[in-house]
Structures are given as C-alpha cells and as structure tokens.
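Sequence annotations record features per position, and here TrEMBL assigns coiled coil to 47-81, 106-140.
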Amino acid sequence: MKASYLDIKPINKRASGQAFEVILKAASPVSEVAHCVTTPPKRDISLEDIQKKLEAAEDRRKSQEEKVLRFLAEKREHERDVLLKAMEENSNFSRMAEEKLQMKMEQNEENRMAYLSAIMERLQEKVKNIKTKRFRKTQKKGR
C-alpha cells in the first residue's frame, strides 16, 4: 500500500540491509483521502455529572488515603516487631554473656584454689622434710 502523500524510492542495496529515501509530498487541495479532523461535539455537562465526578474523585482520594494509612500502620507494626525482637536478642545475648562470665569466674576460682592447695601441699611436704632432717640430725648428735 502506497499512500499518495508519500514517495518511497529504494536507494541501493547494502550488505547490512536496504536503504530507502522517503519524500513527503505536500497535501493537494484535491486529495483522495480526506484529512478532516473533527472534534467530537461537546455535550452539555449537567450539575449531576459534575457532582458524580467530584464524588468519585473524593472516593478515590479517600481510598488512596486509607491505603497510605494502612501501609504506614503496617510499617509501624513491623518496626515495632523488629525493635522487640532486637531487644529480646540483646537481652538473651546479655544473659548468655553474663552466664558465660560467671562460669569463667567460677572456673578461675576453682583453678586458683587447686593451685593454692597444691602449693600448700608442697610447702607442707618441704616443712615435713625439713623437720625430718632436723630430727635425724639431732638424733645423730645425741648418740
């Protein structure tokens, strides 16, 4: 289909495809196709139509506002849930850290007491050995 206001001529064939030259012709006063653009007739708008449109717009506005408020409420609820969960996790972490520290302190105290006990035993052994040596020396002198 070739329109009367277009003149299309092939220029030459290329490896990448075909090139065309498109020439737009001026519209002639006697054209085959009538290019009359008419606007649709304006209809009279009644007060009822205007009120209906205003009410529909108000309903849309209210609906949109309700959606936004619902979204914000859900977001606040989610933030509250996240905050509560974070607080709970923080509390659990603190409790676990405190328990771990307490166990470590108890273990250190047990190790310290065991160390002191071992030192005391060695000291008592040395004292006992010293007393035994002194006793033997005194007995050798007394013979």
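Backbone N, Cα and C atoms are what each Cβ position is placed from, and that goes for glycine too.
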Tertiary contacts of the coiled coil (106-140), as residues 6+ beyond its ends and Cβ separation under 8 Å: none
PLDDT averaged over the residues of the coiled coil (106-140): 92
